[in-house]
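Reading through the structure tokens given below for one structure.
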Amino acid sequence: MASSVLEMIKEEVTCPICLELLKEPVSADCNHSFCRACITLNYESNRNTDGKGNCPVCRVPYPFGNLRPNLHVANIVERLKGFKSIPEEEQKVNICAQHGEKLRLFCRKDMMVICWLCERSQEHRGHQTALIEEVDQEYKEKLQGALWKLMKKAKICDEWQDDLQLQRVDWENQIQINVENVQRQFKGLRDLLDSKENEELQKLKKEKKEVMEKLEESENELEDQTELVRDLISDVEHHLELSTLEMLQGANCVLRRSQSLSLQQPQTVPQKRKRTFQAPDLKGMLQVYQGLMDIQQYWVHMTLHARNNAVIAINKEKRQIQYRSYNTVPVSEIYHLGVLGYPALSSGKHYWEVDISRSDAWLLGLNDGKCAQPQLHSKEEMGIKKNLHSQIKQNVLFQPKCGYWVIGMKNPSVYKAFDECSITHNSSILVISLPDRPSRVGVFLDRKAGTLSFYDVSNCGALIYRFYDPAFPVEVYPYFNPMKCSEPMTICGPPS
């Protein structure tokens, strides 16, 4: 019993690294104890990138500087060294089970401890043997080497575990982003359908009001006619009840009234006014909207570059621009009202949106960064001034050959694209027909494809206009011009 207790105590004060009684025992934060030399060597060969080591027993990280001497364990070790008795279990372990002799030899071929009779037996005869004291240090070093290799492998496993944890976090984040993206896109689709449903319901509500007002008017007219007929019937019946003399005296008047009475059939709603609801091309709408959502992934964050211009105001976030002067600006100076967005766009795909819901005059698109004033050839500039002579050729101020790729609105019903003929390169103003006034315009630049597209975000992302110019300059800049409208234009941020 005493020997069992002694073995338990020795096990508690044995170094997990060298498997010997602890020498200069130190303890880590996890309370496991090691020889100072062993844990120092272990830390030097296995410390993490953050300067911490991992406990060889429980793998819990620890700062090397936190190792503390364990005097209590050191005292126990010193007392055990003075204890000379050999436990019964150790005595049994040191005795050959076959011959009853002490195990003093080590067979190198069979890698086992034997007694002197085993050495002479047929099983081990001729094998190289040595005293166990002679191979003690050799095999300790081998085991120590094996331990270091295993600990390195354990470190590799820990690194792999860290990599897996990072991958887990990355995947969770990516999937969460995808979940939010799916939810946002389907919310957009639901909002789109709700908007279209509301439009149709408003049309029906308006139609119902018009029809009911018309029918009510017809009912009132019919009621007036009915009252006239009944009054006349009452007069005729009254005359029939009179004496012959009295009847004949009033008959002529009553008959004239009766003969002159003509009925007009009340107006009804013609059958052609009736309409059967036809759902819009939802498939086409969704395809267009999906296309818009696909390019919205290229949303670029930009700011407006403040220019030294007294008539232009830019807010401190540099995302809103408006005309603030009440002085008359000459037509030839309108280009000065333009402001560039940054950064420059030199490659790849880029998308941004502009809120123009309150503006009734604006220009949007790209500029080559020079904002140079083009040579004017006529008095016709964006339709603001009329030609002085019908033979004067129309040219535009904002055209691709002058470094502008823009569309604009002069008033809520006139939309124009300032392009040029791909063959003659003559400037031209193209009038754009839109079903509704856009409140938000999306702009998409694809440098590789050489296209600049404008979308009506407020109308399911319908395409407004597209420039095809594979020869864009090396650097182009988003261009914003509030014209002479005092209402602001605002660069929108991406949806949250």
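From the backbone N, Cα and C atoms, a Cβ is placed for every residue, glycine too.
The shown structure was predicted, so the numbers you read here are calculated from the model rather than taken from an experiment.
Of the given residue ranges 91-132, 301-342, Swiss-Prot assigns the label zinc finger to 91-132.
Of the given residue ranges 268-276, 367-375, Swiss-Prot assigns the label motif 'Nuclear localization signal' to 268-276.
Looking at 15-59, 420-464, the range tied to zinc finger in Swiss-Prot is 15-59.
For the Zn(2+) site, the Cβ centre of CYS96, HIS99, CYS118, HIS124 serves as reference, and the other residues of the chain with Cβ at most 8 Å from it are GLN98, GLU101, LEU103, ILE114, CYS115, TRP116, LEU117, GLU119, SER121. Sequence-distant neighbours of HIS124 (Zn(2+) binding site): residues of the same chain at least 6 apart with a C-beta under 8 Å from its C-beta are CYS107, LYS109, ASP110, ILE114, CYS118. DSSP assigns HIS99 (Zn(2+) binding site) to coil in the three-state reduction, outside any helix or strand. For the binding-site residues CYS96, CYS118, the largest tally of other C-beta atoms within 10 A is found at CYS118. According to DSSP, CYS118 (Zn(2+) binding site) is assigned to a helical segment. On the 0 to 100 pLDDT scale, the zinc finger (91-132) averages 86 in the predicted structure.
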